[in-house]
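Below is one structure; the comments refer to it alone.
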Amino acid sequence: MKLAAMIKKMCPSDSELSIPAKNCYRMVILGSSKVGKTAIVSRFLTGRFEDAYTPTIEDFHRKFYSIRGEVYQLDILDTSGNHPFPAMRRLSILTGDVFILVFSLDNRDSFEEVQRLKQQILDTKSCLKNKTKENVDVPLVICGNKGDRDFYREVEQREIEQLVGDDPQRCAYFEISAKKNSSLDQMFRALFAMAKLPSEMSPDLHRKVSVQYCDVLHKKALRNKKLLRAGSGGGGDHGDAFGILAPFARRPSVHSDLMYIREKTSVSSQAKDKERCVIS
């Protein structure tokens with residue numbers, strides 16, 4: 001699919017998007033209250049930091065990408081730190097494809113919560129088809145936030161290393177500061193690499209395009225397409241990666257989430273079967 005067609009397809013003014021399940025992913029951010037989950041999401045989506053604290057019940061965002069000839073959808077679920085509904089927490093984990101677990105370096109209780117969350121993710125994901133706790137493959141990063149408050153640290157490095165383990169392909173650790181925007185880009189790049197997703201999904205590796213700019217961008221892409229056909233070059237835009245934040249995104253229904261789990265599990269099983277097929 002050419003860039004012009006992709007950009008037009010990505011625009012929310014068009015009819016319902018049709019993106020294959022293999023290109024749809026959900027990033028789930030988990031952790032205690034007041035550890036900076038929403039601040040990390042804000043940095044990811046807008047690059048901004050909001051100093052005022054507003055308790056999160058559950059925030060849902062959706063972003064579309066045009067990357068190397070394909071369209072991707074990334075849902076971002078910013079969960080509550082209070083988890084008043086255990087069943088919803090479990091559903092959030094089941095629908096998650098990549099996870100960010102956040103604790104505050106100056107709050108030991110929040111670190112202990114991340115310990116519990118990591119185990120809960122492994123336990124929950126092992127319930128899916130053909131999974132055991134030993135072979136669960138869940139892209140996951142643990143973030144020690146508020147690195148700007150290191151003087152008040154309550155968590156020892158050796159404890160963190162013990163939690164993360166010795167397999168960087170399964171779990172990685174980053175000390176970050178959402179306030180100072182420190183190490184966030186590296187963290188997102190590592191997470192997407194772990195999940196075998198395009199590196200361009202990282203905020204610093206694609207052009208952020210507003211919904212209002214869609215039509216202009218579409219016309220520009222069409223113009224570049226004509227120039228390429230004429231052999232005049234297109235200014236290089238045909239190779240760019242773009243990201244569009246969907247306005248007014250709503251959390252899918254429970255039924256839709258269950259169908260999502262079923263479809264993703266089916267896609268994963270088919271991929272595993274292909275890997276096992278060897279022609280000799």
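Just so it is clear, glycine is given a Cβ too, placed from its N, Cα and C backbone atoms.
Per Swiss-Prot, the feature S-nitrosocysteine maps to C11.
For the recorded site, T79 (GTP binding site), the DSSP three-state label reads strand. There are 23 other CB atoms within 10 A of the CB of T79 (GTP binding site), with all protein chains counted. Here Swiss-Prot flags 31-38, 78-82, 145-148 as GTP binding site, drawing on similarity to another entry.
The motif 'Effector region' annotation in Swiss-Prot covers 53-61. Tertiary proximity for the motif 'Effector region' (53-61) is limited to same-chain residues at least six positions away from its ends with a CB under 8 Å from its CB atoms, namely 33-34, 37-38, 41, 45, 75-82, 88, 245-246, 249-251.
According to Swiss-Prot, the cysteine methyl ester annotation covers C277, on the basis of similarity to another entry.
Per Swiss-Prot, S-farnesyl cysteine is recorded for C277, and the stated evidence type is similarity to another entry.
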_Among G31, G147, the most crowded of the binding-site residues [Cβ within 10 Å]_ = G31
*If you count Cβ atoms within 10 Å of the Cβ of N82 (GTP binding site), leaving out that atom itself, what do you get?*
11
*Taking K34, K37 as the binding-site residues to compare, which has the smallest set of other Cβ atoms within 10 Å?*
K34
*Tell me the residue counts in helix, strand and coil for the motif 'Effector region' (53-61), as DSSP assigns them.*
0 helix, 4 strand, 5 coil
*Would you mind pulling the DSSP three-state label for K34 (GTP binding site)?*
coil
